[in-house]
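Notes follow once the structure below has been shown.
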Amino acid sequence: MTSIMCSCVLSRLHLNFLNINVFCLFSPFIHMNNTFKTSLCVPFVLQYIKAFYNKTWIERYGEPISAETVTLLWSVTVSIFSIGGLFGALSATLIIKVLGRKGTLLLNNSFAVIAAVLLSLGEMSRSFEMLIIGRLIMGVDSGIALSALPMYLGEISPKHFRGMIGQFNSILICLGVFTGQVLGMPELLGQESTWIYLFSFLALPAMLQLCVLPFLPESPRYLLMERRDEAGAEKAFQRFLGKKDVSQELEEVHMEARAQDKLHTVSVLQLLKSPAVRWQLITVIITMACYQLCGLNAIWYYTNGILREAGFTESILPYITLSTGAIETLAAIISGLVIERIGRKPLLIFGFFSMAVFFSLLTVFLNFQDRVSWMPYLSYVCILAVIASFCSGPGGIPFILTGELFEQSYRPAAFMIAGTVNWLSNFAVGLLFPFIQETLQSFSFLVFVAVCILGSIYLYVVLPETKNKTFMDISQSFAKINKMPIPSPGQEMEERSKADRESYLDPFQI
């Protein structure tokens, strides 16, 4: 159903070949968050995994596992996903440099298949270590995907549709969560005899991508600016855009190449030292940190408890929590439909500010929950509102911005830094929130209120709007704050003529 909708919308935009690409490239995100959120969204699976740990421990050592040990094993199982994601983000730049965007995505599917095999065979092999290693490898897959995939989609998308196509990232992450919730129902795979088969679904999107992606072109910007293959870039543009005349798109890439002082891919250290992209880098770091530290993951700690307080029985809790996945998906779809009309900046600020408002209301409602019988229902409404606010902007736009704020030579290093901040922040939330919650109790959400408000203020003051702008236009938007000179039209023509002469004398330099 999702692929048909994508195809219909994009064909109207004359992106005839891109409709296949959007679905097949984003499909890894359907399985990526299934593993990450299963333990939080599907309580039946959680109890079966812990029971498996206990059973395996008894078979090995002849005695039941202690509560402290099972908590430790479960904590490692959950947190090692973030460690794998960090490894993936750190290695993505090198792999992209060697294999390109498309080659990296192809290679990355092997990690998903290996992880699916380890996770699916863990119970049969009586090895909880296989589950832990599978989670680690799945984290590596996710870390690489969150770097290579937004980069690739940002480079192949026309500027007028770059945000909408980029938001499919968020849409299918949310759809992945919802799919995991549905498959984890007791009537499907949420049973003691079938829970292990849930992990087998991780391999299906990877196999689909392995079958289709080889027939899709490489990023034309990568081909032209890094491989210096103009003929290949022209063919790629023609296939992606569904038209023969792509001279305007090629000229846009040539102009971007002439405007850059560095045509080779810069290292992370060079990016950190460069004054020309200082505020772009600060903006991406702050936005990505707010993406993880805004408190969405902490919401899952409270959802089931609030529903119990509202009087819902344990047997129907899984069905009620399906509403969280549905709201996530709906909000992400609406955001994708309006992002090119409203813009990235308003959606980001609206999302973070709305989260701050609803976190504040949730704090009030939680403190009165024991005194007023209907207060838990308001608390749950606030939880749904927080989730919707997150998916309306902060859930997907940070990855779009990372690709938009940097020109070609800086982009791989920028994604590596953004990915590192993302996974370290994710790990920090998982590590610190239980202590924050124990200390502050229901007031713990005020920490996230502060993060969301500060993030909104920074974005309002610093971030320029990027919709319908070329990568070069976006870079020039930061020239003033970076204290870099903005070239006049005469200077641009002179630099263009000089670059053309150098290109004529040296065919290996653009």
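Heads up, the Cβ atoms here are built off N, Cα and C, so glycines get one too.
Note that TrEMBL annotation is computational and uncurated.
Database features, via TrEMBL:
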type	residues	note
TRANSMEM	12-30	transmembrane segment
DOMAIN	20-467	domain 'Major facilitator superfamily (MFS) profile'
TRANSMEM	72-96	transmembrane segment
TRANSMEM	103-121	transmembrane segment
TRANSMEM	133-153	transmembrane segment
TRANSMEM	165-183	transmembrane segment
TRANSMEM	195-216	transmembrane segment
TRANSMEM	281-303	transmembrane segment
TRANSMEM	315-339	transmembrane segment
TRANSMEM	346-365	transmembrane segment
TRANSMEM	377-401	transmembrane segment
TRANSMEM	413-436	transmembrane segment
TRANSMEM	442-463	transmembrane segment
REGION	485-510	region 'Disordered'
COMPBIAS	493-504	compositional bias 'Basic and acidic residues'
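With pairs at least 6 apart in sequence, the transmembrane segment (165-183) and the transmembrane segment (346-365) have fewer than 3 Cβ pairs within the 8 Å limit; the two do not touch. Here the transmembrane segment (413-436) does not touch the transmembrane segment (165-183). Their Cβ atoms form fewer than 3 pairs under 8 Å, with each pair 6 or more residues apart.
In summary, the transmembrane segment (315-339) lies against the transmembrane segment (165-183): three or more C-beta pairs, each 6 or more positions apart in sequence, are under 8 Å.
Under 8 Å from some Cβ of the transmembrane segment (281-303) lie the Cβ atoms of residues 37, 40-41, 271-272, 321, 324, 348, 352, 355, 359, 366, 379-380, 383, 386-387, 390, 394-395, 397-398, 401-402, 405, 414, 417-418, 421-422, 425-426, 428-430, 433, 437, 444-445, 447-448, 451-452, 455, 458-459, 462-463, all in the same chain and six or more residues away from its ends.
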